[in-house]
Amino acid sequence: MVKQIESKYAFQEALNSAGEKLVVVDFSATWCGPCKMIKPFFHSLSEKYSNVVFLEVDVDDCQDVAAECEVKCMPTFQFFKKGQKVGEFSGANKEKLEATINELI
């Protein structure tokens, strides 16, 4: 399941409540073509990796979160463990997304 983040508070809360689990954050926008293309794959990964927390941040709805995380383009995927960023890449690269998850869990 992918949790939609609506605020900076909800983002911090999700990172904190994840504990030891890997957190994967998809920063996207409704108008972004590549974001729309990879969204179903991101959701399928959330079903496949039940021990990983998947979050989705709409950069237009949560500009403060996107700014704090220094997101420059969409889609950007960031990876967190224990509240600390442990990885990041931009672009709708399915293989790299799944490979990075496998590397970090």
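Cβ atoms are placed via backbone N, Cα and C, with glycine included.
When other Cβ atoms within 10 Å of the Cβ of CYS32 (active site, nucleophile) are tallied across all protein chains shown, the result is 19. For the recorded site, CYS32 (active site, nucleophile), the DSSP three-state label reads coil. Residues or ranges marked as active site, nucleophile in Swiss-Prot (evidence: similarity to another entry): CYS32 (among others).
If you look up Swiss-Prot, you'll see CYS35 (among others) marked as active site, nucleophile. Proximity of CYS35 (active site, nucleophile) to non-local residues of its own chain (separation of 6 or more, Cβ distance below 8 Å) is seen for ASP26, SER28, ALA29, MET74, PRO75, ALA92, given in sequence order.
Look at Swiss-Prot and you will find CYS32-CYS35 tagged as disulfide bond.
Secondary structure of the domain 'Thioredoxin' (2-105) per DSSP, as helix, strand and coil residue counts: 43 helix, 30 strand, 31 coil. The domain 'Thioredoxin' feature in Swiss-Prot is assigned to 2-105; the stated evidence is sequence analysis.
A simple way to gauge crowding: the CB of LYS3 (N6-acetyllysine) has 16 other CB atoms within 10 angstroms, across all the protein chains here. Taken from Swiss-Prot, the feature N6-acetyllysine covers LYS3 (among others).
LYS8 (N6-succinyllysine) has a Cβ environment of 15 other Cβ atoms inside 10 Å. The N6-succinyllysine annotation in Swiss-Prot covers LYS8 (among others).
Annotated N6-acetyllysine per Swiss-Prot: LYS39 (among others), in sequence order, evidence recorded as similarity to another entry.
Less than 8 angstroms from the CB of CYS62 (S-nitrosocysteine) sit ILE5, GLU6, SER7, LYS8, PHE11, each of them six or more residues away in the same chain. If you look up Swiss-Prot, you'll see CYS62 (among others) marked as S-nitrosocysteine.
Swiss-Prot lists CYS69 (among others) with the feature S-nitrosocysteine. In the structure as shown, the Cβ atom of CYS69 (S-nitrosocysteine) sits within 10 Å of 19 other Cβ atoms.
The S-nitrosocysteine annotation in Swiss-Prot covers CYS73 (among others). Within 10 Å of the C-beta atom of CYS73 (S-nitrosocysteine) sit 12 other C-beta atoms, taking all shown protein chains into account.
Taken from Swiss-Prot, the feature N6-acetyllysine covers LYS94 (among others). Of all Cβ atoms in the shown protein chains, 13 besides its own fall within 10 Å of the Cβ of LYS94 (N6-acetyllysine).
The annotation N6-succinyllysine is assigned in Swiss-Prot to LYS94 (among others) on the grounds of similarity to another entry.
Its own atom aside, the Cβ of ASP26 (site 'Deprotonates C-terminal active site Cys') has 24 Cβ atoms within 10 angstroms in the protein chains shown. Residues or ranges marked as site 'Deprotonates C-terminal active site Cys' in Swiss-Prot (evidence: similarity to another entry): ASP26.
Neighbours of GLY33 (site 'Contributes to redox potential value'), defined as other CB atoms within 10 A of its CB across all chains, total 9. What Swiss-Prot lists as site 'Contributes to redox potential value' is GLY33 (among others).
Here Swiss-Prot flags PRO34 (among others) as site 'Contributes to redox potential value'. For PRO34 (site 'Contributes to redox potential value'), the count of additional Cβ atoms within 10 Å of its Cβ stands at 15 [all protein chains shown].
The Cβ of LYS39 (N6-acetyllysine) lies under 8 Å from the Cβ of ASP26, SER28, each on the same chain and at least six residues away in sequence. Counting only the Cα atoms, the space from CYS32 (active site, nucleophile) to CYS69 (S-nitrosocysteine) is about 19 angstrom. Taking the Cα of GLY33 (site 'Contributes to redox potential value') as the reference point, the closest of the modified residues LYS3, CYS69, CYS73, LYS94 is CYS73.
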